[in-house]
Structures are given as C-alpha cells and as structure tokens.
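According to TrEMBL:
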type	residues	note
DOMAIN	30-157	domain 'Response regulatory'
MOD_RES	Asp90	4-aspartylphosphate
COMPBIAS	202-214	compositional bias 'Low complexity'
REGION	202-223	region 'Disordered'
Amino acid sequence: MATAGEILRRSLADEVGVSKGSVSGSEELHVLAVDDSFVDRKVIERLLKISSCKVTVVESGSRALQYLGLDGEKSSVAFNDLKINLIMTDYSMPGMTGYELLKKIKESSAFREIPVVIMSSENILARIDRCLEEGAEEYILKPVKLSDVKRIKDVIMGGDGEQKKRRSVRKRGREDCFYSLSQPPHVQSASSPAFDFLPSELQSSSPFSTLSLSKRPKLQTRD
C-alpha cells in the first residue's frame, strides 16, 4: 500500500514533473517551497516559475517532510527519484516552524546538502543567527522579490564551490553586520564600511543587504 508521502509526491509530480540528474546550465532547478499562507505560496511559486524553476509547493513543514520521505513512514521512493535542488520555507508556521524543518533536513543524510532558504516577515536577530548557524543558505525578508529568487538561483546553479565561498563570505559578513547593528543608523547598511571587503556584486546580493535598516523594518532582538 502506498504511503501518504508517496501519494503526495505522485499528485504533485503530475503538476510540476520531476527533475532528473544534477543541476546544469540547461536544466531547471527544482524547488520545494513551504508556506502556510496561500497568498505567499502563490507569490513564491510565481516568482520561481518566472525564473524558469520547477516548483513544488506544500502548506506545512509536516507535508514537506512527507514529500521528502522524512516523516517516518517506509517509502519506496529514493532521494535520486526526487532531485530537489533547493528548499525555501517560511519561518513562522503552525505545527512545525521553518527552523524545525531546517533541523530535520540537516539531520538527514540524504538531504543535508540541499540548500535551505528561510523566509520571514520579521527581522529578529537571534532567529537569523540561529537559522544560519543551523545551516540555512540564506535568510530573506518577505515580501520575497524576483531579485531575491534570481540571486539564490545563480548561487545554486554555480555549484558547490560557489555555495561554500558564499557561506564563508556570509559568515564573516554576519559577524561584522551584528557588530555594526550597535553603531549609529548611518552605518547600518550593506554599503557600510563593515561590508567593504565584499565584491560589489556580493554587496548587492548579500543576505545582509536585506537587513538594511533604511529599507527594512527595525531589527528586533527578541527570539
């Protein structure tokens, strides 16, 4: 008898198809998008499709685990049959948060190398730090923009070397960014001295450019 996860995968595969093989310049990126908001799911799905990505959307962390075969049920579908290249998940969801989903994915030997991007409408310092330390590829603020999606796609399509380089830059950038948050507002942006070491193209694409206080809500310090 087919498990709930297998039934879910079959129904969603009919809508989006299944990506075969590794990511290349001529192949579509297959993204699993997770959000409990119907409107936000439609927005991210639209942006990803505009960016020539295959998209599978689910409404909760538990449904995402079900789709990936990480819900504890015995499944006949192997990871190689799914070929998910990227997971984008909302942080604040009922039942299972995006952070909890991130932890589950990173604990899986089959999926831990899959980049996970956290989406949130809140600038909460402890939350951002916790997600990035747990292995999130990036933490972006809603509403997600087309430029966010294109930037993330470029990094993923760039391969493991580009991702490792970006993680190293992001780690150093985060340390300087957190320090700069205690400084006057005029230095709290991606163009501040704290980001001078970044190439110009990374200054505009850095996850911390999304935390610029001149364009985004004031950073909160609660958990």
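Glycine residues also receive a Cβ, built from the backbone N, Cα and C atoms like all the rest.
Just so you know, TrEMBL annotations are computer predictions that nobody has curated.
Remember, it's a predicted structure, so these values are computed and weren't measured experimentally.
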> Could you give the mean pLDDT over the domain 'Response regulatory' (30-157), rounded to a whole number?
Replying inline: 93
>> I want to check the contact list for Asp90 (4-aspartylphosphate): same chain, sequence separation of six or more, C-beta distance under 8 angstroms. What comes out?
In response: Val34, Asp35, Asp36, Ser37, Asp40, Gly98, Ile118, Met119, Ser120
